[in-house]
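What TrEMBL lists as transmembrane segment is B:6-23, B:30-48, B:54-73, B:85-105, B:111-130, B:150-170, B:190-212, B:233-251, B:286-305, B:311-333, B:372-393. Sequence annotations record features per position, and here TrEMBL assigns domain 'RCK N-terminal' to B:417-534.
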Amino acid sequence: MKNILILFAHPSPHRSEVNLPLFQACEDTPGITCVDLYAEYPTFNIDISREQQRLVNHDVVVFMFPLYWYSTPSLLKEWQDLVLEHDFAYGSKGKALQDKLFFCALTAGGAEKGYQHEGYNHFTIRELLSPMEQMANITRMRYLPPYALFGARTAVEEQRLDQHISGFIQLLDDFKAGEIDHISTADFITLNEFVRSQEADI
Amino acid sequence: MTAYFIQAFIYLCAAVIAVPLAKRLGLGSVLGYLVAGVIIGPVTGLVGQETATIQHFAEFGVVMMLFVVGMELEPQMLWNMKARLLGLGGAQVAITTALIAWAAITMGQVWSIALAIGLIFALSSTAIVLQTFQEKQLSRTEGGRSAFSILLFQDIAVIPMLALIPLLALPELVNTGAAHSSGHHDELSLVANLSGWTHAVVVIAAIVGVIAGGHYLAHPLFRYVVKSGLREVFTATALMLVIGIAALMSLVGLSPALGAFLAGVVLANSEFRHELESTIEPFKGLLLGLFFITVGAGISFSLLLEHAGTILALTLCVMHLKAAVLYGLALIFRIRGTDRWLLTLSLAQAGEFGFVLLGYSTQNHVLPTELAQILSMVVAISMFLTPGLFILFDRIIVPRFTQKNNQQQKEDDIDQQGPVIISGIGRFGQIVNRMLTANGYQTVILDHNLSQVETVRQFEIKSFFGDSTRPDLLHTAGIESARLLVVTIDDKEKAISLVRHVKKAYPHVQILARAFDRGHNYELKRAGADWIVSETYHSALEMGGEALKSMGLHPFRVEQMKAAMLEKEQRHEAEMYEAWKKIDEDIKFSHQYTRLFIELEKALSEAINYDRYDRHTRSEHGWVPPPKGYARQIEKEFRDDPC
């Protein structure tokens, strides 16, 4: 039984169509720790030791956010800058995060085909998230591809939201049961693809 | 009675004319007083015989000065000074005495006379030096502190000197003098007829009495007086305290100045310190001035002309010798640069205790009267020349060193940053103070409410009793060198007048003020406050935010709302202030006070409505997602023109 921590970062949740319902669905699922960072730290005054303790208490760490300029919203970057200290998260004595699983659950405005070498974004989503991947590497965590929703601005209109949410809850159940790890997911650009391949297997 | 009025008028008149003139010419007030004395004394002969009597009275100024000096020196600081006090002071007195005595012997004096002369000239003038240090703000320099420790040691050393001098009596003088002074009665004394050890016990008991009294009795006494609410009674109490100590010390044969100094040190931590200082200060200043005038008036031109060569030669010899000893000590004690020169030049004169010892020596038949008169001229002339040495220091030595070590000087300046004065230590002032002291900034706190001062003192917050709207109290709190004044007093009108006064008299001091409401805010602004906060504004904003959160609004959004509210307010701050000024003037004219508020309210709601329609607030701008079809649009543009 693995413990899951979701760190949710959305600066204007009252305008959110995908992230907020997804986060609320996680909150309704028992056994998952859900943290709304912008609600806890509206003045950016992050409690470092509390956040470090949270990390220590969990086995799977999820960043949940809308992609802002190919990166996280600013509070989540601030969270990284403050919480992932030397001798805690990295450095010869910094082994607190060793072997934890890490991935991002994100939404992007552009369509998936835009996130290709030939598309207008020129990079795949995995490439764009490489700072996050390297952060996981240096903190000795196991990096998994992101669970992503593309074309998020029209997901509600196109009735893609329910499936996205239920897929995510199913995924979290599998994480909890310890059925997913970095090895089984290594070859996929997104966790969504991994889920689809599993369904295809069945 | 008429004669007293005329005399008092002459002294005051001389001071009023000479001192500001000397100050304007950059010569310092001490020289002004001395010159005034010379003019009314030996030059015009307006005053004469009474100077000696007045001088005894005026010496009380020195007692008060040491009381004030003591109050600025906490016991801890005094303890930290002990090495310098004993080492530097002891060496200065011993070496100078020995050298001058040796010089006197080579000039043909007997050893006992030579030793007495040595002791007399080893002393320097506390009055001139400390007064000048204060005026030129040199007290906190290394040189100033070293000079102060020497002066303090000298004041202590006077006591054993007074004991030693009678032992030096010359038999032939005793015989001739016995006839003269048989009728001369001894001064009132508690210890005259006591044996050695009982004398010592009485002296120690007196000192312990002063310390214990200062520690345990002063507080309830001042409390009692302050509760009466009569300022003149407080003044009377302060004078009573200093005079009482002086009397006690004289009774047991100690220096009154030293006793007053001790009492001052004991009261340094008291909450009444600044109030006491500002009460004593004018008396001290006037009496010291009077003392300097009597020194000037006491210069006898006939004696001076008769022995002009001898007196001048002796004066220069003494000053050079004293300066040489001081310079040597400064070398040994590693005092550098301008500080070394300050120490050397400031203490090269003989002092007022020299007069005392001279009188005492002649009384005890140690010195022949004629020699004593010449020597007292030497003391007076050397004191007269001292302001000249300070001018030399200011005009020649300091510029040379600042050119040489410009960098070093600058670092010193940063080290000596001025303190913060907080006026009013209610709940508001306490928080401001805690922020400052927690971050290592020195604060001086003043409050006119005694029970408030007592309450916060229980929390180890150092604060002082006194009405900070009084200029003299601000002065003793150090407003001249302060960087910042925080005005958090409850009285609206007093707060405004305090801001206006400080901004006018000390424009370099930054003023932060707490306002009660919008009108008070604008009045403080007009008075010159640099930054003003309305006392309830931010807490009301916090509560408004909390209310929104309770209604289910996201905390981060609430932060944006608060910021927008503040921004709105600030954006119209300037025009609101202008409107207020204009309306306020109109209304003063027509006496329609209520109109002011109606007009202001109208202006404010117009400003807020403008914002509402303009929709240009932070909350409308922040983190707005792109429109629904934006991705397809970008996609299309990319296909048309891949880049």
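Cβ coordinates are placed from backbone N, Cα and C, and glycine is handled just like the others.
Using a Cβ-Cβ cut-off under 8 Å and counting only residues 6 or more beyond its ends in the same chain, the transmembrane segment (B:111-130) has close neighbours at 30, 61-62, 65-66, 69, 92-93, 96-102, 104-105, 139, 147-148, 150-151, 154-155, 157-158, 161, 164-165, 168-170, 257, 288, 291-292, 318, 322, 346-354, 357-358, 361, 366-367, 371, 375, 378-379, 383, 386-387. No contact links the transmembrane segment (B:233-251) to the transmembrane segment (B:85-105), because fewer than 3 Cβ pairs that are 6 or more residues apart lie under 8 A. Across B:6-23, B:30-48, B:54-73, B:311-333, stretch B:311-333 shows the highest tally of CB pairs under 8 A with the transmembrane segment (B:85-105).
The stretches the transmembrane segment (B:6-23) and the transmembrane segment (B:54-73) are not in mutual contact, being linked by fewer than three Cβ pairs under 8 Å (pairs 6 or more apart in sequence). The stretch from B:54-73, B:150-170, B:286-305, B:311-333 that makes the most Cβ contacts under 8 Å with the transmembrane segment (B:30-48) is B:286-305. Three or more CB pairs closer than 8 A are found between the transmembrane segment (B:372-393) and the transmembrane segment (B:286-305), so contact between the two stretches is assigned (pairs 6 or more residues apart).
Averaged across the domain 'RCK N-terminal' (B:417-534), the predicted model reaches a pLDDT of 87. Per DSSP, the domain 'RCK N-terminal' (B:417-534) is made up of 55 helix, 26 strand, 37 coil.
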